[in-house]
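**Student:** One structure is given below, represented as structure tokens, and several questions about it will come after.
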Amino acid sequence: MLLDTYGRVATDLRVSLTDRCNLRCTYCMPEEGLQWLAKPKLLTDDEIVRLIQVAVTGLGIEEVRFTGGEPLLRPGLPGIIERCARLSPRPKISLTTNGIGLERTAHALHAAGLDRINVSLDTLRPEVFQQLTRRKRHADVLRGLAAGRAAGLTPVKVNTVLMPGLNDDEAPDLLAWAMEHGYELRFIEQMPLDAQHGWHREGMITAGDILTSLRSRFTLTPEGEEERGSAPAERWIIDGGPHRVGVIASVTRPFCSACDRTRLTADGQVRTCLFATEESDLRGALRDGASDEEIMALWKRAMWGKKAGAGIDDPSFVQPDRPMSAIGG
Ligand SMILES: C[S@@+](CC[C@H](N)C(=O)[O-])C[C@H]1O[C@@H](n2cnc3c(N)ncnc32)[C@H](O)[C@@H]1O
């Protein structure tokens with residue numbers, strides 16, 4: 001198993017399939033100029049499946065989440081999912097996506113073995129979407145969401161980042177919309193992981209701000225710690241239930257002590273945390289002919305060195321060199 005020195009066990013693997021994306025969210029990427037990973041550095045489909053197989057059959061990974069960049073841009077995605085779904089024990093398989101193109105692929109991905117999706121959507125206003133993402137694709141995302149739900153990729157979760165002066169007035173509207181459409185909304189605090197290093201603590205919308213805004217329209221009752229388990233989102237019951245809303249306070253109330261994650265970048269590096277400054281090279285080992293046992297030993301050693309916390313609140317905090325899009329969000 002993937003144990004660290006604080007007694008945490010990683011059972012949840014995030015796999016980035018590409019660092020490329022078809023949106024340019026202002027809190028994630030610059031409009032242009034971001035250097036993509038060179039193709040030879042990217043893991044092939046076979047290499048990805050091999051590493052997931054090692055993690056699932058040998059290291060106790062129970063859930064695999066594909067992300068990126070935008071994972072729907074990876075041509076081999078259905079095949080990768082299909083091969084992961086055949087592993088024994090079969091992991092839970094989910095996808096974090098911006099939803100563009102899901103309208104066409106949702107059924108096939110579900111048939112391949114995808115269990116559920118998280119779709120990122122920050123606004124209900126097409127013009128704000130264009131400002132935030134620098135692309136006119138709002139309607140595509142809405143259609144992707146509906147297609148995901150219709151295909152049975154449920155529960156469909158919606159991830160929202162609020163940005164000051166752009167969409168920070170939309171929290172109650174987004175929640176009402178999500179409840180009406182049967183999506184589970186989760187707000188994520190903006191983190192210092194943008195390629196252009198434009199994050200400022202003073203400007204960010206905090207979990208406290210989000211809850212105050214939601215309480216202007218809804219009654220929120222906190223869900224117990226037991227229901228939360230190792231999930232990063234704190235959840236609230238809305239107006240007595242049955243709907244819930246989640247808030248991931250990654251900056252103001254990080255939940256590192258119960259973290260159960262390990263990460264694999266699109267170029268085959270293990271990361272213990274989004275904010276880790278070190279990586280362990282599995283691609284090199286794989287291409288040098290490492291056995292499953294050798295890969296397991298490298299992965300275990302990497303996780304053993306996992307830090308207690310992300311350290312954003314520590315004065316010595318340094319933003320990792322790689323942006324979210326290259327790590328896999
Ligand atoms: C990096 S994206 C990758 C997957 C996919 N392209 C998507 O849009 O969901 C994963 C999630 O990270 C979020 N994200 C990106 N940069 C962020 C930041 N600086 N702070 C908080 N969340 C961020 C996005 O909003 C999205 O919900």
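Just so you know, glycine gets a Cβ as well, placed from its N, Cα and C.
Straight from TrEMBL, here's the annotation block:
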- Arg14, Arg65, Thr96, Lys157, Arg261, Thr262, Arg263: GTP binding site (BINDING)
- Cys21, Cys25, Cys28: [4Fe-4S] cluster 1 binding site (BINDING)
- Tyr27, Gly69, Ser120, Met191: S-adenosyl-L-methionine binding site (BINDING)
- Cys256, Cys259, Cys273: [4Fe-4S] cluster 2 binding site (BINDING)
- 5-231: domain 'Radical SAM core' (DOMAIN)
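Any idea what these are sitting next to in the structure?
**Tutor:** Under 8 Å, Cβ to Cβ, and six or more positions away along its own chain, Lys157 (GTP binding site) finds Arg116, Ile117, Asn118, Val119, Tyr183, Glu184, Leu185, Arg186, Gly246.
All protein chains shown were included, and the count of other CB atoms within 10 Å of the CB of Cys25 ([4Fe-4S] cluster 1 binding site) stands at 20.
Taking Cβ-Cβ distances under 8 Å and a sequence separation of 6 or more, the neighbours of Ser120 (S-adenosyl-L-methionine binding site) in its chain are Thr96, Thr97, Asn98, Gly99, Val158, Asn159, Thr160, Val161.
Within 10 Å of the C-beta of Cys273 ([4Fe-4S] cluster 2 binding site) we count 19 further C-beta atoms, all protein chains included.
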**Student:** Spatially speaking, which of the binding-site residues Arg65, Met191, Cys256, Cys259, Cys273 is closest to Cys28 ([4Fe-4S] cluster 1 binding site)? Use C-alpha to C-alpha, please.
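**Tutor:** Smallest Cα separation from Cys28 ([4Fe-4S] cluster 1 binding site) among Arg65, Met191, Cys256, Cys259, Cys273: Met191.
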**Student:** Near Arg263 (GTP binding site), meaning Cα within 10 Å, which of Cys21, Cys256, Cys273 (binding-site residues)?
**Tutor:** Cys273
**Student:** Those binding-site residues, Tyr27, Cys28, Cys259, Arg263: which ones have a Cβ sitting under 6 Å from ligand 1?
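**Tutor:** Checked binding-site residues vs ligand 1; flagged Tyr27, Cys28.
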**Student:** Please report the distance from the Cα of Thr262 (GTP binding site) to the Cα of Tyr27 (S-adenosyl-L-methionine binding site), rounded to the nearest angstrom.
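**Tutor:** The separation of the Cα atoms works out to 23 Å.
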